[in-house]
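Since the structure comes first, as structure tokens, the remarks are kept for the end.
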Amino acid sequence: MYPAHLLVLLAVCVSLLGAASIPPLPLNLVQFSYVITCANHNRRSSLDYADYGCYCGAGGSGTPVDELDRCCKIHDDCYGEAEKQGCYPKMLIYDYDCGSNGPYCKNVTKKCNRKVCDCDVAAAKCFARNAYNNANYNIDTKKRCK
């Protein structure tokens, strides 16, 4: 799925929640994007990571194409561990702050929220310390992710 499609889908979901008079819940995907932006000091859009390599974005398979893609695999595995603990990582929100050294979890006491916050902060910091290779954006996963 293209990043623009994800934004449209997100906008439709938020609109439907508003139309149903249900207060919109902050979505973890949106929060994770803010954590990423904090970690890289606004140098790269979080959307750049939505379709990178074999693991950044929806799904994931094969061998990561580089260290940045490996960050996404580790993040996927971390969410998998959270799910095994009975958590719903894509739905949970948490308190975090953006300090001079990047994002950090702030006053997160609930087990699941803490786990998800730790997963997201670790991934965002991993993204920030590894090089982004434009050649690994929007790759043919059927050919390169075996």
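Residue 1 is the first one shown; counting continues down the chain.
Yeah, the Cβs are placed from backbone N, Cα and C, and that goes for glycine too.
Because the structure is a prediction, the values reported are computed rather than measured.
Looking up C38 in Swiss-Prot gives a disulphide bond whose other cysteine, out of C98, C105, C112, C117, is C98. Site annotation for Ca(2+) in Swiss-Prot covers Y55, G57, G59, and the matching candidate from D48, D66, D76 is D76. Of the cysteines C54, C56, C105, only one is given by Swiss-Prot as the disulfide partner of C72: C56. Take the candidates C87, C105, C145; Swiss-Prot pairs C117 in a disulfide bond with C105. Annotation in Swiss-Prot places C145 in a disulphide bond whose other cysteine, of C54, C71, is C54. The local packing around C98 (disulfide bond), expressed as other Cβ atoms within 10 Å of its Cβ over all shown chains, amounts to 16. For C54 (disulfide bond), the count of additional Cβ atoms within 10 Å of its Cβ stands at 23 [all protein chains shown].
Other Cβ atoms within 10 Å of the Cβ of H75 (active site), summed over all protein chains shown, number 23. Among the recorded positions H75, D76, D120, none has a Cα sitting within 10 Å of the Cα of C54 (disulfide bond).
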